[in-house]
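Engineer: Per TrEMBL, the features are:
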DOMAIN    21-302  domain 'G-protein coupled receptors family 1 profile'
TRANSMEM  6-30  transmembrane segment
TRANSMEM  42-60  transmembrane segment
TRANSMEM  80-102  transmembrane segment
TRANSMEM  122-144  transmembrane segment
TRANSMEM  164-185  transmembrane segment
TRANSMEM  247-267  transmembrane segment
TRANSMEM  287-305  transmembrane segment
């Protein structure tokens, strides 16, 4: 039908756009020396995981969608590879988003302790832990924890073993979800606290013009205020307040999109094996591709809040021309 062709066309465009956009972010970070530092290494790790989702996971998922009854007809070996990379790359993408949120949180609330050297070390540790944890969750079914392929039913899916379902969904989504929600609450609270401090430091409005004279043996200095209000602020405070607002907004949008994209899939993924519920395959596909779309939105959110990326993109295309 025309509707089916339209949906498949959109999925193909989503796959291609996700791969190209994350590849562009990676190329920019590699070519621009100013991006060879924190937090761009976290962005690069996220772009790698999202690019792998588009290159290795989404095309085989599309092949499965095209088959009659959404059956898997590509063999056991390819099924194991697809499921392993699916869990590995998606889990890594989720934890990389969590690492970026934690880095923003520490850079705002611990500016004195969170030095450049400390920030680099912690970011490298977070990247390593992200990929190690993702690999452990993805390789567990290959070591015998549940079954992913059924030749009789031509079915290929993540292991439905109840114990693995609880551990995998908890480690891949629910634990990072709690972390990012806690981090955003702390960032929002810190931003409100500093804004409140700025308001308390403001000078009370004066209803009429006032004169202040300095009494001393030196020649007098007269300051006349002809405005209705006087406010005091320094460039440092203004820059910090703008930085905190920008970070809070970026982390809020990042977390909001992350939750909207993945929470339907992981709710059904957790409930289905535990209650033996029969969820229609079409809804499983919708929730799965909605989660994949998070890999497309991630680089858009990073670059939208960083003018340096936009300038780097322009310079990159100008040099290529």
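Here the Cβ of each residue, glycine as well, is placed from N, Cα and C on the backbone.
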Engineer: With pairs closer than 6 in sequence left out, are the transmembrane segment (80-102) and the transmembrane segment (247-267) joined by 3 or more CB pairs under 8 Å?
Structural biologist: yes
Engineer: Near the transmembrane segment (80-102), which same-chain residues lie under 8 Å Cβ to Cβ, leaving out any that are not at least 6 residues past its ends?
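Structural biologist: Contacts of the transmembrane segment (80-102) (Cβ under 8 Å, skipping residues fewer than 6 from its ends): 39, 42-43, 45-46, 49-50, 52-53, 56-57, 60-61, 74, 123, 126-127, 129-131, 133-135, 137-139, 141-142, 148-149, 156-158, 168, 171-173, 176, 179-180, 183-184, 251, 254-255, 258, 262, 291-292, 294-295, 298.
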Engineer: Within the domain 'G-protein coupled receptors family 1 profile' (21-302) only, compute the mean pLDDT.
Structural biologist: 81
